[in-house]
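Okay, so here's the structure we're looking at.
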Amino acid sequence: MDPNYRPSQVDEDTSRSRALPFAGSDLVLSPSQWSSHVVGCTSSLTAIILLYLVDNPKLCVVRSPYNSVLLDPLQLKGLFACLLPTPKGISCANYAKCLNQVLQNLGSMQLWLRIPLEKSENDAEARNPDYMGEGHTDSWELWNSFRLLCEHHSQLAVALDILSSLPSASSVGRWFGEPVRAAIINTNSFLTNARGYPCLSKRHQRLTTAFFDHSIQVVISGQPVHNVPVGASGANADDHVEGKTLDYLQSQQPLMDNLEAQTYETFEKDTVKYSQYQRAVAKALVDRVPDENASAVTTVLMWLCAGRGPLSEHPTEGWEDIVTIVSSDMRNWDAPERADILVSELLGSFGDNELSPECLDGAQRFLKEDGISIPSSYTSFIQPVTACKLYNDIKSHKDLVHFETAYVVKLHRVARLAHTQPVFTFTHPEYSTESSNQRSKKLHFDIPSDTGSTLIHGFAGYFDATLYKDVHLGIEPSTATPNMFSWFPIFFPLRTPICVQPGTPLEVHFWRCCGSTKVPYSLLIKLSRTQ
């Protein structure tokens, strides 16, 4: 209902009664509603030009008039997005050229290209001729060829057509790293359960849930064939708050830059991390001093880089003779006595990316030869990912520096293409005279062959740490500590995305280089052609 609407005055007609409308048309929207809630569709004429005329070589002499017919409707201002028809096969150069021309002067409106979610396992039998061109069996390749012709434009997105049959889970998973804005499910994909209600197959249900988890709109299309029940309740307040951090790129250097009080406040709310550290310290104290000697032995425990932690409050709360606060650089401070237990929290999202090895090497002289370090070791991990949104956000800066920066980010719209692989492991204390913090590693990733072709935008990084014995802490997906939010994964972007064909081995060389003023990472990717 439009509260500002008032029925227009009409001439009184006493011969018959007339019922005037009590509300305005559904099309009476404010400009902000048009630009944020309405998605337009191309007209049937524009669709015919796009699909059959623009890329027809026999009509090349008249392409220019057709292009103008296409450009004018798409350049209408004020809509949130416009839905475009599916290209007919990979031979769509002129179609892409027309859209790329539109994209250069489009304003804020997005263009959603309809792409079927299809990958033929049996190329000859399973191909859908309505969508696929000759020799083309993977709709992702259709999208990728079109996207490349439009130069990865950030306003070109995908609307997936969900068919009654689905490809393999690996093939479907790669789409979550693409700019998918909507999933269109036709009503004929629904089944009827025993009670007569519409339902989706188990695979379709899991896919739809994944769409919701990745903030992808689900659209029901087609003629209604069931009675639709009342839907579930919406997202709670926590989900809306978390949504602000998803896929948000952060570049942090805690050793170089002082963290804000708000950042420390967020860290201090992570009770899981402190609980794990408490367990590790408690076990170390018990192992260090037997119960029968506890009252006679004094244990020296040093906490390095305690931030603004609760320990700083204890000297004013009756612990004057127990806790001493020292404000100094651990690499330059001389300890009056050695410690039995050395506790530190210098871990970054990649384990060593906040210079924990360099800092602890300088502080190792504080520890007794038989002393305990918490953490005792940590390992970094990486995996290749498709992350179109992150790539476009970095690309928007239009410089090389941002592509050579590692970002901390809560990964959301990404496709994890292979299992994680361990990269570097650091152990503390480290008394070997030959050890160096400069490392290199060669990794091999096997992307499942049923995934199909993929585009790698970069690598996601994680860590796993052993605090003490069996007390563990980390964000590596397969062993991540539940309900811990102090660390988000790290993202290493590639300057140019790399397309990997099915069955192609992926070899990655990763280096940790140590300099006098900085510790950069370098990586090299090698693709081997399969016979």
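Any Cβ shown, glycine's included, is placed from N, Cα and C.
All TrEMBL annotations are machine predictions without curation.
Per TrEMBL, the features are as follows:
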type	residues	note
ACT_SITE	GLU345	active site, proton donor/acceptor
ACT_SITE	GLU354	active site, proton donor/acceptor
BINDING	TYR264, LYS273, TYR274, ASP329, MET330	S-adenosyl-L-methionine binding site
DOMAIN	78-249	domain 'PRMT5 TIM barrel'
DOMAIN	312-374	domain 'PRMT5 arginine-N-methyltransferase'
DOMAIN	377-522	domain 'PRMT5 oligomerisation'
SITE	PHE267	site 'Critical for specifying symmetric addition of methyl groups'
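When the Cα atoms are compared, LYS273 (S-adenosyl-L-methionine binding site) and GLU345 (active site, proton donor/acceptor) turn out to be 10 Å apart.
Around the Cβ of MET330 (S-adenosyl-L-methionine binding site), a 10 Å sphere holds 18 further Cβ atoms from the protein chains shown. Mean model confidence of the domain 'PRMT5 TIM barrel' (78-249) amounts to 80 (pLDDT, 0 to 100 scale). Taken residue by residue with DSSP, TYR274 (S-adenosyl-L-methionine binding site) is part of a helix. Annotation note: GLU354 (active site, proton donor/acceptor) sits in a coil segment as assigned by DSSP.
DSSP classifies GLU345 (active site, proton donor/acceptor) as coil under the three-state reduction.
Take the recorded positions ASP329, GLU345, GLU354: by the count of other Cβ atoms within 10 Å of each Cβ, the lowest one is ASP329. Look at the domain 'PRMT5 oligomerisation' (377-522): DSSP puts its residues at 15 helix, 68 strand, 63 coil.
Here the Cβ of LYS273 (S-adenosyl-L-methionine binding site) has 20 other Cβ atoms within 10 Å, regardless of which shown protein chain they belong to.
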